[in-house]
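The disulfide bond annotation in Swiss-Prot covers 42-130, 44-60, 59-110, 65-137, 66-103, 73-97, 91-101 and rests on a large-scale study or a structure entry. Summarising the annotation, Swiss-Prot assigns signal peptide to 1-16 and lists experimental evidence as the type of evidence.
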């Protein structure tokens, strides 16, 4: 249900963190994030937390932990400011939601750097086979 809500918001064109994250991932990986990552492995999207199935899923685990440390802004709805320089994301140092931007930059870069571990079979990885991790962060 939450995935459908997120997709609906993205389709409305709201300029918030989720849309900005989508744009970063799309540009870095050339993959449509909603289709490629929203249900990937044990940690991407709304799948929850568990032992990562591969390096791509580890990117999501790290991203979840990063979001858990953000206190100043909404990780889903508040927008931030960033630019592209030589194919890299540069977060605006002075923006109040810079921490959210840095989390999103890290996961988009991680996805790009681990494209060789991405497996289509992990898109709908059954959560029942995810091994819970007592301290994921």
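Placed from the backbone N, Cα and C atoms, the Cβ positions cover glycine too.
Positions of the features from Swiss-Prot, shown on the structure.
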residue: 42; record: disulfide bond; DSSP (3 states): coil
residue: 60; record: disulfide bond; DSSP (3 states): helix
residue: 65; record: disulfide bond; DSSP (3 states): helix
residue: 91; record: disulfide bond; DSSP (3 states): strand
residue: 97; record: disulfide bond; DSSP (3 states): coil
residue: 103; record: disulfide bond; DSSP (3 states): helix
residue: 110; record: disulfide bond; DSSP (3 states): helix
residue: 137; record: disulfide bond; DSSP (3 states): coil
Point to revise | Those disulfide-bonded residues, out of 65, 66, 91, 130, 137, that come within 10 angstroms of residue 44 (disulfide bond) at the Cα | key: none
Exercise for review: Counting other Cβ atoms within 10 Å, pick out the least crowded of the disulfide-bonded residues 42, 91, 137.
Suggested key: 137
Review point. Nearest to residue 137 (disulfide bond) by Cα distance: which of the disulfide-bonded residues 66, 73, 91, 103 is it?
Key: 66
Revision key, fill the gap. Taking only the CA atoms, the spacing between residue 60 (disulfide bond) and residue 73 (disulfide bond), expressed in whole angstrom, is 19
Check your understanding: How many Å lie between the Cα of residue 73 (disulfide bond) and the Cα of residue 101 (disulfide bond)?
Key -> 10
Study note, to complete from the structure: Reading the DSSP string in three states, the entry for residue 73 (disulfide bond) is coil
Review point. Which has the fewest other CB atoms in a 10 Å radius around its CB: 65, 97, 103, 110, the listed disulfide-bonded residues?
Key: 65
Exercise for review: Could you check the disulfide-bonded residues 59, 60 and say which one's CB has the most other CB atoms within 10 Å?
Suggested key: 59
Practice item. Enter the number of other CB atoms within 10 angstroms of the CB of residue 44 (disulfide bond). Key: 27
Exercise for review: List the Cα distance (Å, whole number) between residue 91 (disulfide bond) and residue 103 (disulfide bond).
Suggested key: 10
